[in-house]
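Asker: Provided herewith is a single structure, encoded as structure tokens, for subsequent inquiry.
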Amino acid sequence: MAPAGHPGAKRGILERLESGEVVIGDGSFLITLEKRGYVKAGLWTPEAVIEHPDAVRQLHMEFLRAGSNVMQTFTFSASEDNMESKWEDVNAAACDLAREVAGKGDALVAGGICQTSIYKYHKDEARIKKLFRQQLEVFAWKNVDFLIAEYFEHVEEAVWAVEVLKESDRPVAVTMCISPEGDMHDITPGECAVRLVKAGASIVGVNCRFGPETSLKTIELMKEGLQRAGLKAHLMVQPLGFHTPDCGKEGFVDLPEYPFGLESRAATRWDIQKYAREAYNQGVRYIGGCCGFEPYHIRAIAEELAPERGFLPPASEKHGSWGSALDMHTKPWVRARARREYWENLLPASGRPFCPSLSKPDV
């Protein structure tokens, strides 16, 4: 199948999902831009949209070229409680960058908010909703296409976020960073999904904290909860680009490798093709990634689901399906790897003879 850019005119997120179209999200910004020298670990705030706009623009472009058709604003932790006086300029600049790149393809712009830094200590609903509302006002001013509330570990705060975002006329998606065990108050994934849909979310799911396998288990529990309650919503999954079977309820932040030693846990492109197919088979139609999800991972989703989408992304022009380009290699043992069976069954080594395959979480 030849690369074909994108089909037709832009449609809204719900129109796409309701027609059965696969929507491919973007991937890692904080972790990737930290590695590239544009984000400081710790607070993980997105000043880069002002300080280094070219770096953010380039990453958006890489995801677009790889197959993403949602450009999410780089506004993680960009509320006033984290950024003080800079928050408004950062949110506005992030919207402008996302819109600029989205205009180069068949991509929508999603304005994103996340859990606040104050909820754990002061469950002040009015104050927290004010923080969400401030960001929403910028997103409305910049005319984003839809809204995403992501990375919530407490469903109560996620519900507050949805309630605020529903004050606009834009569709609302919400994803929680929880495992199959549920949120930090032991509310099950199924019950979380029910509460979020009742609050007004049209799209629900999970993002970050856990790898693809764990995230898909959580999504299945959300799906079952909605079915039991007789509720309908579109499903969305954006996991880590890392393998994390050994992490606890808090996710990868508990692992001793977080955040500077995660490279040995990176998913291969073939792992991600498997994830994309499994997500699709579960009924998920909004499929993307979060921390550690590089552009080549997004391309893997787009390639795996090209039969359903009807086209390949531009980045596939230089990438043979399942290693087929290796047919041209001069070494016969490398040419022998130009087949799907080889890559699907490979168990990659770390190259570190004294490394364990799993770690013990710190919490």
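Glycine is no exception: its Cβ is also placed from the backbone N, Cα and C atoms.
Pulled these features from Swiss-Prot for this protein:
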- CYS208, CYS290, CYS291: Zn(2+) binding site (BINDING)
- 11-305: domain 'Hcy-binding' (DOMAIN)
- SER321: phosphoserine (MOD_RES)
Asker: Which are the residues of the chain, CYS208, CYS290, CYS291 excluded, whose CB is within 8 A of where the CB atoms of the Zn(2+) site average out, their centroid?
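Answerer: Output for this site, in sequence order: SER28, LEU30, ILE31, TYR151, CYS177, ASN207, ARG209, GLN238, PRO239, LEU240, GLY241, GLY289, GLY292, PHE293.
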Asker: Whole-number Å distance between the CA of CYS290 (Zn(2+) binding site) and the CA of SER321 (phosphoserine)?
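Answerer: Roughly 24 Å, rounded to the nearest whole number.
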Asker: Rounded to the nearest Å, what's the C-alpha distance separating CYS291 (Zn(2+) binding site) and SER321 (phosphoserine)? Just drop the number here, would you?
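Answerer: CYS291 (Zn(2+) binding site) and SER321 (phosphoserine) have their Cα atoms 25 Å apart.
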Asker: How many whole Å apart are the CA atoms of CYS208 (Zn(2+) binding site) and SER321 (phosphoserine)?
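Answerer: Just about 28 Å between their Cα atoms.
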Asker: What's the number of neighbouring CB atoms sitting within 10 A of the CB on CYS291 (Zn(2+) binding site)?
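Answerer: Its Cβ shell of radius 10 Å holds 27 other Cβ atoms.
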Asker: Out of these recorded positions, CYS208, CYS290, SER321, which one has the fewest other C-beta atoms within 10 Å of its own C-beta?
Answerer: SER321
